[in-house]
Amino acid sequence: MSSLRPEEARKLATAASVSPLSNCQFSGVVISSIADEQKLEFTNKYKGSCTLLCSYDSQGVVLRVVSDDDQSHVLKEYMIAADTDAAQMGRRSYAVSLDADNLVLRFASDQDQQLFRKVVENVKHLRPKSVFSQRTEESSASQYFQFYGYLSQQQNMMQDYVRTSTYQRAILGNAVDFQDKIVLDVGAGSGILSFFAVQAGAAKVYAIEASNMAQYAQQLVESNNVQHKISVIPGKIEEIELPEKVDVIISEPMGYMLYNERMLETYLHARKWLKPQGKMYPTHGDLHIAPFSDESLYSEQYNKANFWYQSAFHGVDLTTLHKEGMKEYFRQPIVDTFDIRICMAKSVRHVCDFLNDKEDDLHLISIPLEFQILQTGICHGLAFWFDVEFSGSSQNVWLSTSPTAPLTHWYQVRCLLPMPIFIKQGQTLTGRVLLEANRRQSYDVTIDLHIEGTLISSSNTLDLKNPYFRYTGAPVQAPPGTSTQSPSEQYWTQVDTQGSRNSSSMLNGGLSVNGIGDGMDITHGLMHPH
């Protein structure tokens with residue numbers, strides 16, 4: 001076998017060590033079908049030679065076949081997985097069984113055949129299940145990476161002004177932590193955080209992305225002429241190898257209720273590449289939990305379940321499913337936003353230290369609760385939100401999803417109790433929230449609450465993987481009973497005040513319609529009463 005040229009050797013090394021399932025392509029490949037296995041007779045499957053496009057996928061490598069003459073049209077797409085049958089045939093040919101096709105691929109060079117063989121071997125064997133694969137169902141992983149492989153989903157996150165601008169401010173405001181440093185971007189997506197690191201002066205950024213978004217990130221890197229700074233590596237951080245340790249790890253690993261999607265475990269796993277005294281952006285996360293009262297939300301979910309209480313729905317008795325319907329609706333966490341005045345006590349804060357906590361710490365999270373109730377009412381459940389801090393050498397920056405902060409794409413989350421509890425001001429509400437990780441990249445959330453000194457308690461278990469997205473974009477309404485003055489009188493006082501101003505304006509040439517000046521926005525008082 002002839003020796004490899006430096007460029008081929010570099011490509012092989014990259015495929016084998018930096019990214020075991022890296023993207024690559026092979027031109028001038030002649031593809032034949034095995035027509036008769038006994039006689040080893042072959043027929044050309046496609047007219048002329050083809051190009052094979054290999055791209056990383058969470059389940060293996062996607063192999064796309066296109067014509068050398070027209071690469072815009074995909075002739076066939078295959079998946080090379082761990083159970084794919086394949087064998088070398090001579091120096092330039094490779095036999096592989098894909099779907100129902102038994103193919104022989106004849107490559108343009110010995111080196112191309114070697115590289116393709118290395119790609120297949122890296123998928124097929126010798127790699128024990130990674131930490132990620134052990135904790136994640138294949139179907140969940142496939143859906144997860146497919147979801148984040150869409151540009152529209154990346155756009156949704158990038159257009160979250162609070163999220164994106166806070167990350168940029170945290171990184172650029174601590175340029176001393178990035179100047180001439182080696183940076184690791186975990187779950188890079190479009191690569192936007194990698195670009196921020198380069199803006200702050202990073203010498204090198206390794207952008208790790210397991211979804212097909214990696215190819216788009218590479219396009220952005222090349223079109224912005226920063227390929228000498230940013231290296232996009234397709235793959236999971238649990239599976240890839242880096243050529244060196246890093247000074248800083250950046251990532252956006254937070255999900256609903258901070259922990260959903262279990263990306264935080266991946267973020268903590270990445271510390272194996274962090275130098276001693278290295279930085280993590282963000283540095284820690286605070287999960288806030290508070291009891292809330294919201295009769296409207298509770299009634300909404302309860303009435304949905306009552307659909308199954310009909311005894312004559314088109315002549316069919318549905319009532320046997322009412323109990324299960326009720327259970328299903330109340331197992332759904334509610335994703336929306338609310339006025340913080342519905343909270344009946346100061347929030348309890350649970351801290352996750354990204355620099356020191358271990359991955360195993362996030363498999364079972366037990367949070368003790370103790371609330372001093374500030375207002376009498378009915379507790380319908382618990383509200384959750386989170387803040388994360390970027391602890392830099394120059395400044396600390398916070399990203400908050402609190403109901404008192406500008407709204408983000410994380411919103412807030414509320415977990416209802418099927419049996420609400422009446423509680424009085426001054427009483428103590430105790431209990432526990434238990435987050436139990438599952439292989440669907442989420443958590444089962446168990447809530448237990450008890451009014452101290454009584455026999456009154458309530459509990460529920462919810463499926464964080466299956467939330468109800470309730471947010472409609474409508475303005476958040478103040479809780480009932482929070483007005484301490486007559487809203488009607490407040491409004492008309494405002495009208496009178498603005499009318500007087502407009503009368504004064506008329507004396508200086510202003511116009512008036514029905515006694516109300518043209519400079520007055522009467523909808524403001526209706527939509528935003530003080």
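Yeah, the Cβs are placed from backbone N, Cα and C, and that goes for glycine too.
Among GLU121, GLU209, GLU295, only GLU209 appears in Swiss-Prot as part of the S-adenosyl-L-methionine site alongside GLN154, ARG163, GLY187, GLU238, THR266. The distance from the Cα of GLN154 (S-adenosyl-L-methionine binding site) to the Cα of ARG501 (asymmetric dimethylarginine) comes to 48 Å.
Its Cβ placed at the centre, GLN154 (S-adenosyl-L-methionine binding site) has 19 other Cβ atoms within 10 Å.
In three-state terms derived from DSSP, GLU238 (S-adenosyl-L-methionine binding site) belongs to neither a helical nor a strand segment and is classed as coil. Figure note: comparing Cβ neighbours within 10 Å for the recorded positions ARG163, ARG501, the maximum is reached by ARG163. ARG163 (S-adenosyl-L-methionine binding site) sits 41 Å from ARG501 (asymmetric dimethylarginine), taking the Cα positions as reference. Straight-line distance linking the Cα atoms of GLU209 (S-adenosyl-L-methionine binding site) and ARG501 (asymmetric dimethylarginine), rounded to a whole number, equals 59 Å.
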